[in-house]
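Student: Got a structure for you, questions after.
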């Protein structure tokens, strides 16, 4: 048996076509009719047809003709002889042409076709149908059979009683065929009258309409489909593919959109994969970068607990932290390979990760991580065992050191106490007895100190990791021991010397206390007076304070003599202390006043005297300067204030009066504005003077009634008023030009407005405006006046500006009606009907705008309406505010 293989496979052959078994009789019957009709739909283009599918293709002539018609290509010249060899040659030419199109014809040979083998002939025709009628069908990312099925599902999705899941039982009730026709040609079938429980009517309706209006031959029998439990899938696919090709013209736009969506979807998916790869690679490399220094750190910790924690951290790393990263690395490589495959399959250039983020870069970094990890755990265990060996000896050192340190605690402080300096004679003798007992205890602890030094020496020889702290502690103990010996001897000598000097010093303390107290009180009173804050407003007040200050300074020489005498007593005590090396850390038992305090207060008094002098001088000068600043500000403010008021009044007159055209008024106002802006330097100068007054803390000025705040508010109002007036004139020009208002009309508007602006404020209140409208002939009721006021006064402030007045008057002369234009457009879409249907809106408008109209259009209630009719006329008027939506 011959076998034909093309250069490439276009699609796998159907697995359910078993050429070694007979076809199901019902299916064979359906296939004969369907395949015969399909072949004739193409052969009739060449002016011929077949009657018996296995007999009429035996000589190969009509088979070659069929291939030429459906491919549009010319085949090799056929043999015209009647012999079997001629027929086999023709069939082989046809089979070779099929194979050249990338179709594998497994187990189908020319002899079977020539012999009229029905099973092989039907198999060959099905292969041709697959290649030329179904293979090129493509919907989104699916093609061939799946693409055709997806096309059917998409087209029948709006029909709730149609559920296409396959090419057999999903079509038995006939609604699927009717839905395809109705979706593309709704005028051909009244779909609403079809019933799911009447499949014969549905099928015959679809077959007849397709043959009559769509030029699709009747390839199936309704009786065969209804009477078969599972209709033949190939017959159904062949017939449905004819619908697809019949409607292919309408599919061009959808196909183009689907192709774009497919390309964009592939591109977006690839970009997301690239972003995911970059992020995963960055995160993994960052984790490796942080982890390697931690694994390379071989510095031992100072304690067993710390080393054990390091070991536990490492085991957590092995058990908890590293496994997820191994998975991430594997997933990264999988993602990279998947992405490259997808890019290659979709004809995209290969993905090149950012510099340093290639898979090879990640593998290199991972290798460095593994190298750093190697040997880390073994080092940790060895270090822990070494620490265990040394900890015992170190603990012994710590115990002995702790006992000694506990004994010595407080001893240095006790020996360094200066309690003898303030003790009485009897207390000094008691301290001497206590000191002798301590000297005996000190000699008994000599042996323990020697043992501590010996253990420290042994730890040094064994290279204990904490030797520096051991040595430091041992050194502190030895140094402390030596210090205790020296302090003991020193305290003994001090106690004995102090005993002799205490009586002499006590007498001098008493005399010092008697004279220091009153002098201290005098200095505190003087400091209080010198630092007293004064508040004055005149030069006379300052002169009175200066006279009193001069009288105080005259008493200072006598006070200084008393101070020297008091300090002489203290110096005598200091001479005794210096001569006999007595430590005077203690205080005078008769007073809390000391020489340092006396000198400090005396120095403070002398320091405050010139400060008081300077303060009085500065205050005198400040009062003179404040008066000058007051007069300087007042002179300018008394000129600027009236000037601003005058300009405000002039602008008010300009805005009401009518002199020349609007352009002349605008030119005049801009020149006026320029003159106002040129006045700004004087305002700035006044601001500078005001700043000086504020800095001088001057809060009143009897020379003027104007404040800087008054000037600022007036200036801002002046600028705002001239800018607003100019803007009003510009708006009037725009309104005049846009509405075609003549200068005479505008003058009439202004004259009417000014006439009824009784308060001459440039605005009319509601009553003035109503009077104006009545004078112009308006017949106003309350509702009509309220409507007009809502136009000219949308903010409901109760006033009407000249611009609003002009807009209203110009609007009264305008004549536009765009709502009629919109109604005319809807009437075009509705086919000149007075109503429109939802399907017509969805067919002509974008989906979101169609849904917007359907949701807001009221039902049409006219006599010519039909179910579902919508009122586009009321909707159009509502768009322009003439009714409510």
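Glycine is treated like the rest: Cβ placed from N, Cα and C.
Because TrEMBL annotations are produced automatically, they should be read as predictions rather than curated entries.
Keep in mind that what you see is a predicted model, and the values were worked out from it rather than measured.
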Student: If I go by TrEMBL, the feature coiled coil sits on one of 428-462, 463-497, 498-532. Which?
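Tutor: The listed stretch tagged coiled coil in TrEMBL is 428-462.
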Student: Please find, within the list 179-206, 207-234, 235-262, 263-290, the residue stretch that TrEMBL describes as coiled coil.
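Tutor: Per TrEMBL, the stretch marked coiled coil is 263-290.
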Student: Would you kindly list the residues that approach the domain 'EF-hand' (780-815) from elsewhere in its chain, counting only those six or more residues past its ends and only Cβ-Cβ distances under 8 Å?
Tutor: 728, 731-732, 735, 738-739, 741, 746, 749-750, 753, 762-766, 768-770, 773-774
Student: Quick one: average pLDDT across the coiled coil (263-290), no decimals.
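Tutor: Residues in the coiled coil (263-290) carry a mean pLDDT of 84 in this prediction.
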Student: Going by DSSP assignments with H, G and I as helix and E and B as strand, what are the residue counts for the domain 'EF-hand' (780-815)?
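Tutor: So the domain 'EF-hand' (780-815) is made up of 23 helix, 3 strand, 10 coil.
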